[in-house]
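Asks: To start, I am sharing the structure in question, which I have written as structure tokens.
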Amino acid sequence: MLKIGHYEFHSRLLLGTGKFPNFEIQKQAVDVSESQILTFAVRRMNIFEASQPNFLSMLDVSQFTLLPNTAGAKTAEEAVRIAKLAKASGLCDMIKVEVIGDERTLLPDPIETLKASEMLLAEGFIVLPYTSDDVLLAKRLQDLGVHAIMPGASPIGTGQGIVNPLNLSFIIEQATVPVIVDAGIGAPSDAALAMEMGADGVLLNTAVSGAKDPVKMALAMKLAIEAGRAGYEAGRIPKKRYASASSPMEGFSRV
Ligand SMILES: CC(=O)[C@@H](O)[C@H](O)COP(=O)(O)O
């Protein structure tokens with residue numbers, strides 16, 4: 001079970017809702033992914049205008065936890081304003097804090113992210129900050145009392161996979177709250193690796209929405225995350241420098 005604040009989920013795949021070819025494909029992808037948490041940018045979703053097309057209107061929203069995110073915010077104050085708007089719409093008391101500090105890399109601004117997280121915790125939100133793979137920042141956020149940490153595997157939409165596995169392993173090692181690897185996942189093997197490393201979940205969007213067959217890729221990501229988690233729980237064998245026979249000969253009679 002993935003536990004975030006007072007929420008519990010059996011799925012460890014968090015799915016973004018942007019850039020799908022159309023709502024029908026998106027719905028099918030969401031269905032096969034069996035994801036229970038869908039994230040969306042409050043500023044891009046027409047949540048307050050019933051007449052406008054809105055992906056959420058295609059879903060039985062009672063089956064999902066909708067995780068609003070503060071995409072588009074450049075400052076802590078903007079992020080807090082967006083989070084409050086989302087809460088006012090009655091969707092969820094969880095918020096993914098996304099404060100972007102640089103337009104080209106879309107990397108999060110560490111100082112504004114920390115500030116926004118502190119302000120949102122004080123307002124009673126369940127706070128999930130999207131961070132870089134900075135080990136100390138993850139620790140500082142955790143010490144503030146955030147409910148999960150979401151380090152990027154690589155910049156949003158790049159599909160580069162986990163570019164700094166060492167940092168990610170340090171973040172996971174020291175974590176006292178769930179670690180959700182967020183952004184930059186390109187292939188199912190990236191998601192499986194994150195889970196094998198001990199991440200508690202994976203948030204992804206572009207790898208599915210931009211795939212040639214988004215529905216099949218959603219299924220592949222679901223299976224990869226399940227396989228990675230099972231592998232982590234099973235405990236992989238240590239890597240060795242030299243070979244050891246898979247069928248040892250000790251105890252066998254000579255013929
Ligand atoms: C949807 C969302 O929250 C994105 O900002 C997220 O970080 C996913 O990134 P990818 O599109 O790289 O999977």
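Using N, Cα and C of the backbone, Cβ positions are placed for all residues, glycine too.
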Asks: According to TrEMBL, Ala183, Gly184, Asn205, Thr206 bind 1-deoxy-D-xylulose 5-phosphate; identify which of Gly145, Gly157, Gly235 is listed for that same site.
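Replies: 1-deoxy-D-xylulose 5-phosphate site check in TrEMBL: besides Ala183, Gly184, Asn205, Thr206, the record includes Gly157 out of Gly145, Gly157, Gly235.
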Asks: Roughly how many Å separate the Cα of Ala183 (1-deoxy-D-xylulose 5-phosphate binding site) from that of Lys96 (active site, schiff-base intermediate with DXP), to the nearest whole number?
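Replies: So the alpha carbons of Ala183 (1-deoxy-D-xylulose 5-phosphate binding site) and Lys96 (active site, schiff-base intermediate with DXP) sit roughly 13 Å from each other.
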Asks: For Thr206 (1-deoxy-D-xylulose 5-phosphate binding site), what is the secondary structure state per DSSP, taken as helix, strand or coil?
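Replies: DSSP assigns Thr206 (1-deoxy-D-xylulose 5-phosphate binding site) to helix.
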Asks: Sorted by position, what residues of the same chain at least six away from Lys96 (active site, schiff-base intermediate with DXP) have a C-beta under 8 A from it?
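Replies: Correct list: Thr39, Leu67, Pro68, Asn69, Thr70, Leu128, Pro129, Tyr130, Met150, Asp182, Leu203.
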Asks: Which one is it: of the binding-site residues Gly157, Gly184, which Cβ has the fewest other Cβ atoms within 10 Å in this structure?
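Replies: Among the binding-site residues Gly157, Gly184, the lowest count of other Cβ atoms within 10 Å belongs to Gly157.
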Asks: For Lys96 (active site, schiff-base intermediate with DXP), which DSSP three-state class applies?
Replies: strand
